[in-house]
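The region 'Disordered' feature in TrEMBL is assigned to 1-42, 65-89. If you look up TrEMBL, you'll see 1-12 marked as compositional bias 'Basic and acidic residues'. Under the heading compositional bias 'Basic residues', TrEMBL lists 13-28. Marked as compositional bias 'Pro residues' by TrEMBL: 33-42, 68-89.
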Amino acid sequence: MEQPRRITDSFPRRRRSVRAPGRVKGRGCPRPAVEPPTPPPPDLALLEMLRRFDLAWEYGPCTGEAPRFPPRPRSAPWVPPGPADPAPPIGITRLQRWERAQALGLSPPGPVRDALLEHRDNPDVTYRWVRHGG
């Protein structure tokens, strides 16, 4: 009686190459690109100056404008926002706040703008000072 055919009978067998001892798998593979170095942390005096700018209310709030929704008729039921509705912006960058204060004639300090433009790529400088998640 004949043995049943297997799917492996249709393909030629290949012998695995024997790896030499000490040879590491994947050594000839290209290495991933090196990440660009992170910018050095700004000095504490700069961060203190920016923190004082953040906490000074005379230059306006650190939040953007709230979106204006049309008034809902009283007869219409409240519907929670769906996944397609974008979330309102929570805050603005320090440079946007500085420019808004300048446009409103509030005379924000010039060294703050100079520091923000100089360290534009550093998120520690660009965004508002946050401590303990608040």
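Placement of Cβ uses the backbone N, Cα and C atoms for every residue, glycine included.
Because TrEMBL annotations are produced automatically, they should be read as predictions rather than curated entries.
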Contact set, same chain, for the compositional bias 'Pro residues' (33-42): CB under 8 Å, 6 or more residues outside the stretch: 119, 121-122, 124-125
DSSP residue counts for the compositional bias 'Basic and acidic residues' (1-12), split into helix, strand and coil: 4 helix, 0 strand, 8 coil
Tally of residues which DSSP labels helix, strand or coil - the compositional bias 'Pro residues' (33-42): 0 helix, 0 strand, 10 coil
